[in-house]
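Only one structure is covered here, and it is reproduced in the block below.
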Amino acid sequence: MWQWRYVSGRQLDGFRQYKYSAVDTNPLSVYIMQPIWNKIIKIVPLWIAPNLLTFSGFVMILFNYFLISFYDWDYTASGSSPGLVPTWVWLFSAFTTFCAYALDSIDGKHARRTQSSTPLGELFDHGLDSWATSIFVLSFFSVCSRDNGKTGVSVYTMYIYLSIVLFNFMCSHWEKYNTGVLFLPWGYDISQVVLIAAYLLTSAVGVEVWQKPLLLGYYITDILVILLIGFSLFLSFPQTLYNIHRAHLKKTLKHDSLYEGLLPLVSPLLLFVLLTVWVVLSPSNILAKQPRLFLWMVGVAFSNVICKVIICQMSGTRPELFHWFLLPLALVVYAAISGLLGWMEEAVLAVFTALVTAAHVHYGVCVGRQLSEHLNIYIFSLKKRIQE
């Protein structure tokens, strides 16, 4: 049987006790976007399952990513050949990003509207978000282009940029693991609006706007990177620590010991240590040779690691210290940096990326089926399962 039982019996029992709790304090979300979503939700038919909205949004950004990849595989099109990516692609990118943003924002509202809110729905939503986060970033890199000696962003900056975005996502769910409350990050709504605006701007005036200094000799991409780092270091991460500290003072922390509280961070941090070692010490400079493939693998690996953290958080169980994926990754990294792979490093990366992606898809499908059977519901239908 190809379906593995990734979720333990104890975790399945924990899901039945789970109660969703979230706080949204972002003015952009509360005063501007939420009224828009409240109007859009009224046109969604009541027979549509909330998970179908979630999945549709994910498929749209995935299709958009592959479309951009077709025109700009190595992130050079916007720098060396500005007209290589058609204008309609940037317009389509803005459209799919908005649709995905809207669908991700109304799926929970629709679940409450149809009285079909379940732990599976939340896991499905956050699990796809953990993957979509990297896809949004990787699609955006085609707008600003990689460094061509004059303008653009270096592949190392891309890696750092992606790592920071994923770090922020990880912090949100680490915070929820400790407090039991999901404090919706301000960066999500802001980043979606910025992405849509960036695609519209590119379609209107061309990619050349990203190749010219905007302010004091800084390019738009430089300013965005500075804002991202500043937002992460001085707002997002401090806010996470503050919320955990406040829960500690109120004695509402879910985990008393420091070890239990920090446990979910071990595997994600080890993951990025191994990946960074590969980037820095690769004999063939693998990131420069295959940036899209490598960064895709980073996003998929992160999603799988963080999904297990989300499952533990929702089921009230203890996460594993070391994710199974770290061992094969460590072996590949060692073989690469020691020179054992030689000229085969790119081929091994391609095979490894394909295996990691297949494993992650298999994991998601099996977990979804397990929970749907346990909760007696269908993933993409509002009908109840017939008890055997």
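Quick reminder: no glycine exception, Cβ is built from N, Cα and C everywhere.
Any TrEMBL annotation is an automated prediction that lacks curation.
Small disclaimer: the values here were computed from a predicted structure and weren't measured.
Record features (TrEMBL):
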TRANSMEM  43-67  transmembrane segment
TRANSMEM  87-103  transmembrane segment
TRANSMEM  153-171  transmembrane segment
TRANSMEM  216-237  transmembrane segment
TRANSMEM  258-281  transmembrane segment
TRANSMEM  293-311  transmembrane segment
TRANSMEM  323-341  transmembrane segment
TRANSMEM  347-365  transmembrane segment
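Within its own chain, the transmembrane segment (87-103) has Cβ neighbours under 8 Å at 36-37, 40, 53-54, 56-58, 60-61, 63-64, 67-68, 71, 132, 136, 139, 143, 192, 195-196, 199-200, 202-203, 206, counting only residues six or more beyond its boundaries. Segment contact holds for the transmembrane segment (347-365) and the transmembrane segment (293-311), given three or more CB pairs below 8 angstroms at sequence separation of 6 or more. Counting residues 6+ beyond its ends, the transmembrane segment (216-237) has Cβ neighbours under 8 Å at 144, 151-153, 157, 161, 164-165, 167-168, 171, 185-187, 194, 209-210 in the same chain. Most Cβ pairs under 8 Å to the transmembrane segment (258-281), among the stretches 153-171, 293-311, 323-341, belong to 323-341.
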